[in-house]
Amino acid sequence: MTPAPVRPALIVFDLDGTLLDTHADLVESLNHTIAALSLEPVSYDDLTHLVGQGARVMIERACRLRGHPLEGDALPALVERFVAHYAGNMPGRTEPYPGLVAAMDRLKSAGYRLAVCTNKMESLALGLLDKLGLTHYFDAISGGDTFEYRKPDARHLTGTVERAGGDISRTVMIGDSINDIAVARNAAVPSIAVPFGYSDVPVSTLNPDHIIMHFDELTPELLERLLQEYAEKVVV
Ligand SMILES: O=C(O)COP(=O)(O)O
Ligand SMILES: [Mg+2]
């Protein structure tokens with residue numbers, strides 16, 4: 001039997017590559033954007049090196065990758081082009097990863113709160129989750145431009161926890177890349193990595209507290225065990 005959590009814990013999810021498989025739409029909108037500079041398209045493999053710090057950085061990195069580092073004030077117009085294309089296409093081919101919705105239902109019924117902490121622009125994150133009918137699961141959704149700081153800065157996560165009415169000592173962060181594991185470490189909360197997202201290195205090398213291969217593994221038992229083990233580690 002599942003013991004009821006002492007206080008409702010908060011599970012904070014990264015978005016791109018963790019909650020949602022967004023890669024096809026990100027690559028498509030990015031290629032539409034750099035086509036304005038007549039640059040060759042990037043591939044999914046390239047995406048793992050480009051994504052992670054939001055659209056601005058992704059566009060800058062893609063241009064550099066294609067031998068065209070941006071100069072002067074070229075970036076804002078490209079960001080606008082990206083956002084218009086991406087927002088206009090939503091939800092496109094984006095889908096929740098297998099087992100996610102069942103896992104969120106399971107956690108909600110066990111009393112857990114859920115939130116999103118993504119470096120994607122807040123408006124794009126909100127729009128996308130809304131189009132997929134997932135907004136109601138979350139007590140807070142914060143993006144890369146919600147605060148003046150973003151992952152891996154601890155305050156992006158602590159600010160999200162605060163907005164969700166959570167307790168930092170009963171929070172677990174789940175993500176696919178270095179920023180997610182680092183923000184968890186910086187905010188002193190346990191982390192879970194998923195290997196199916198966009199990390200450019202194997203997630204085991206990021207030293208998360210735990211790795212799940214599929215959302216079926218995301219259970220109240222696992223979360224309570226991680227919180228317990230983490231609390232004991234911190235005390236020692
Ligand atoms: O959009 C990005 O660059 C990163 O988004 P994520 O933080 O949800 O992975
Ligand atoms: Mg991610």
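Glycine is treated like the rest: Cβ placed from N, Cα and C.
Just so you know, TrEMBL annotations are computer predictions that nobody has curated.
Values in this document were obtained by computation on a predicted structure and should not be read as measured data.
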From D145, D153, D167, D176, the one annotated by TrEMBL with D14, D16 for Mg(2+): D176
Sequence-distant neighbours of D176 (Mg(2+) binding site) in its chain (C-beta under 8 A, six or more apart): D14, D16, G17, T18, A193, V194, P195, F196, G197, Y198, S199, V203
Env. residues of Mg(2+) site, Cβ within 8 Å of mean position of D14, D16, D176 Cβ: L15, G17, T18, L19, T118, G175, S177, D180, V194, G197, Y198
